[in-house]
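Engineer: Shown below is the structure under consideration.
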Amino acid sequence: METVISFTAIAVAIMIGLAALGTGIGFAILGGKFLEASARQPELAPALQTKMFIVAGLLDAISMIAVGVALFFVFANPFLGQLAG
């Protein structure tokens with residue numbers, strides 16, 4: 001049982017870490033491309049900014065889903081029920 005708990009803790013750490021890494025890389029690429037596009041065509045900056053914030057919200061949602069799944073595994077681990085039963 002301790003093995004399942006330790007592997008779950010490692011999996012949760014990997015999930016949260018990769019979600020944070022992916023979100024950080026995504027925001028960096030998104031911000032860089034937004035600044036590049038705004039520098040090329042400044043008149044499109046307001047429209048691009050709206051689209052950038054929508055995509056930023058989707059990027060942030062992906063990491064929040066990963067945190068939710070990780071918290072599910074921490075507090076309501078479904079694998080422990082299979083060991084007990």
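Backbone N, Cα and C atoms are what each Cβ position is placed from, and that goes for glycine too.
According to Swiss-Prot, the transmembrane segment annotation covers 10-30, 53-73, on the basis of sequence analysis. Per Swiss-Prot, site 'Reversibly protonated during proton transport' is recorded for Asp60, and the stated evidence type is sequence analysis.
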Engineer: Same chain, outside the transmembrane segment (53-73) by at least 6, Cβ under 8 Å from its Cβ: which residues?
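Structural biologist: Contacts with the transmembrane segment (53-73): 8, 11-12, 15-16, 18-20, 22-23, 26-27, 30.
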Engineer: By the DSSP assignment reduced to helix, strand and coil, which category contains Asp60 (site 'Reversibly protonated during proton transport')?
Structural biologist: helix
